[in-house]
Amino acid sequence: MNFNSSKYISHLPESLLPNDASPEWNNKADNAWQLTAATLVGLQTVPGLVILYGSMVKKKWAVNSAFMALYAFAAVLVCWVLWAHHMAFGTKLLPFVGKPNFALSQKFLLSKASTNYYLPMADFVFYQFAFAAITLVLLGGSLLGRMNFYAWMLFVPLWLTLSYTVGAFTIWGNGFLEGKIIDYAGGFVIHLSSGVAGFTAAYWVGPRTSNDRQNFPPNNIIHMLGGAGFLWMGWTGFNGGAPFQVGEITSLAIFNTHLCTATSILVWISLDMAVYKKGSLIGSVQGMMTGLVCITPGAGLVDPWAAILMGALSGSIPWYTMMVLHKKSPFFQSVDDTLGVFHTHAVAGILGGILSGVFAKPKLLRILYGPYGSGLLYSYFDDNIGQGIKQMWYQLLGAVFITIWNVVITSLICILLNRFVNLRMQEEDLEVGDDAAHGEEAYVLWGDGERMRLPLRRDISPIIPYISHQRHSFPINKIDE
């Protein structure tokens, strides 16, 4: 259709006519949905993961865990527009990364996003930032309860620059695997990379204190569920925004996302009840996460029946690796992955990537990408099994590349940082937690008989003047009413 033709423009309602604020190429529906989708993805992190992390950890780490997520979100946005966006989606510098450049000029941000997207570049930049930000925050889930916050402040921009941009450019940008791998919304780029990098960084940072490893109850399960709700509903924008247009792929992706997730939760709960004789709310949140992650690389490219099957597998295979294999394997036991990000994101991400290579429907691939390969299952029935095998080879190649790159680069970043700043907090601070790290605590009232803990950090506390150089708090008996 020729959208420049006066024949079509003359029949448009006045509200849809092009003007100075909305040029002819701008599809207002696509534009509005993309801004909504990007906002939903942002809400997955702030407040979603901020609440989830702050509630899922031991009480003494609530502030630090939430703060790590909030900092990463802010830092990634600044780095993204200053250099990282063009490294991920700009002009090719190397086969796996683009040239760093600003994404700040009005001319650039208000230009058409691409030949296939009828919306401003600003929408694309913001949506991709939200993807990058949540990747760093997911990675941080492996490091909660011991990483030095100053080291985290340096780790975030380094990992974004040296790792995330490479994965995004290689698979989604103009890299050597672009157009070959089926990764609809980030099963490899976001989830496999965050799971592998988080596990690797956890190795270099070292474990939590022995007491924290053995006794690490969530401080507020109900709040944790609220954060999980932001994640689940926010995935409507996560997978629904990936086509960058309002169409049938968007609708199918959203439907499949929630169908797979619900199936995964039910399977996880069933396994918990079969083995441990009772269901677990924390376990159901883990099952929710694995379902969301597994469907992500193929959300708009598979039929609903395949989404149900993917949900069944994402609720069982990561359950086995986390609840059985992790406890038996000396390898897994040697690395303290605080929230099990390796299982919920790396295992579920690679599972989803492989299953997307099996179940991707040729018609849906053509609608979204144009000329493309075919899933293994459909290539078998179409008498073109060679094409399906080739696609599976690319899926495996992508998984191997993302895994190796993240292990190597994350290790180098941690080794480099450790030469300038300690990766983990001092042992005495690890015993105290938030009060030592930030001079703040999550809850004023806590424990039997309810005790009030007042921070003694003089530059923050509005209640008492400077008393001691120690940044710890002391119990004050609650005044009898």
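Each residue, glycine too, has its Cβ placed from N, Cα and C.
Among the features that Swiss-Prot reports, N-linked glycosylation site is placed at Asn4, with the record citing sequence analysis.
Look at Swiss-Prot and you will find 1-36 (among others) tagged as topological domain 'Extracellular'.
For the topological domain 'Cytoplasmic' (58-62), same-chain residues at least 6 beyond its ends with a Cβ under 8 Å from one of its own Cβ atoms are 144-145, 212, 215-219, 432-435, 441-443, 446. Under the heading topological domain 'Cytoplasmic', Swiss-Prot lists 58-62 (among others).
Sequence-distant contacts of the topological domain 'Extracellular' (84-123), counting only residues of its own chain at least 6 positions beyond either end whose CB sits under 8 Å from a CB of the stretch, comprise 25-27, 30-31, 34-35, 38, 76, 129, 132, 160-161, 164-166, 168-170, 172-176, 244-245. Positions annotated as topological domain 'Extracellular' by Swiss-Prot: 84-123 (among others).
Marked as topological domain 'Cytoplasmic' by Swiss-Prot on the basis of a curator's inference: 145-151 (among others). Confidence across the topological domain 'Cytoplasmic' (145-151), taken as the mean pLDDT and rounded to a whole number, stands at 97.
Beyond the topological domain 'Extracellular' (173-184), the same-chain residues lying 6 or more positions past its ends with a Cβ under 8 Å from any Cβ of the stretch are 88-92, 95-98, 239, 242, 253, 296-301, 353, 356-357, 360, 365, 368-369, 372-373, 375, 391, 394-395, 397-398, 401. The feature topological domain 'Extracellular' is assigned by Swiss-Prot to 173-184 (among others), with a curator's inference given as support.
Annotated topological domain 'Cytoplasmic' per Swiss-Prot: 206-220 (among others), in sequence order. Within its own chain, the topological domain 'Cytoplasmic' (206-220) has Cβ neighbours under 8 Å at 55-59, 61-62, 145-146, 282, 335-336, 338, 423-424, 427, 430-431, 442-443, counting only residues six or more beyond its boundaries.
Among the features that Swiss-Prot reports, topological domain 'Extracellular' is placed at 242-248 (among others).
As annotated by Swiss-Prot, topological domain 'Cytoplasmic' applies to 270-281 (among others). Proximity of distant same-chain residues to the topological domain 'Cytoplasmic' (270-281), defined by a Cβ-Cβ separation under 8 Å and at least 6 residues beyond the stretch ends, is recorded for 221, 225, 315-316, 319, 323.
Outside the topological domain 'Cytoplasmic' (326-338), and at least 6 residues removed from its termini, the chain residues within Cβ reach (under 8 Å) are 57, 141-146, 198-199, 202-203, 206-208, 213, 216. Among the features that Swiss-Prot reports, topological domain 'Cytoplasmic' is placed at 326-338 (among others).
Residue counts for the topological domain 'Extracellular' (360-363) under DSSP, helix first, then strand, then coil, are 2 helix, 0 strand, 2 coil. Positions annotated as topological domain 'Extracellular' by Swiss-Prot: 360-363 (among others).
According to Swiss-Prot, the topological domain 'Cytoplasmic' annotation covers 382-395 (among others).
What Swiss-Prot lists as topological domain 'Extracellular' is 417-481 (among others), and the listing cites a curator's inference.
Long-range neighbours of the transmembrane segment (37-57) within the same chain, counting only residues 6 or more positions beyond its ends whose Cβ lies under 8 Å from a Cβ of the stretch, are 63, 65-66, 68-70, 73, 123, 126-127, 130-131, 133-134, 137-138, 140-141, 144-145, 216, 218-224, 226-228, 230-231, 233-238, 240-241, 282, 338-339, 442. Positions annotated as transmembrane segment by Swiss-Prot, on the basis of sequence analysis: 37-57 (among others).
Taken from Swiss-Prot, the feature transmembrane segment applies to 63-83 (among others).
Annotated transmembrane segment per Swiss-Prot: 124-144 (among others), in sequence order, evidence recorded as sequence analysis.
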Most Cβ pairs under 8 Å with the transmembrane segment (396-416), selected from 63-83, 152-172, 185-205, 221-241: 185-205
Within the topological domain 'Extracellular' (242-248), residues counted as helix, strand or coil by DSSP: 1 helix, 0 strand, 6 coil
Intrachain residues whose Cβ lies under 8 Å of the transmembrane segment (63-83), provided they are six or more past its termini: 42, 45-46, 49-51, 53-54, 56-57, 100-104, 125, 128-129, 132-133, 136-137, 140, 143-145, 147, 149, 152-153, 156-157, 160-161, 433-434, 437-438, 440-442
Three-state composition of the topological domain 'Cytoplasmic' (270-281), taking helix and strand from DSSP: 8 helix, 0 strand, 4 coil
Cβ contacts under 8 Å made by the transmembrane segment (305-325) with residues that lie 6+ beyond its boundaries: 255-257, 259-268, 271-272, 275, 286-287, 290-291, 293-295, 298-299, 332, 340, 343-344, 347-348, 351-352, 355, 359
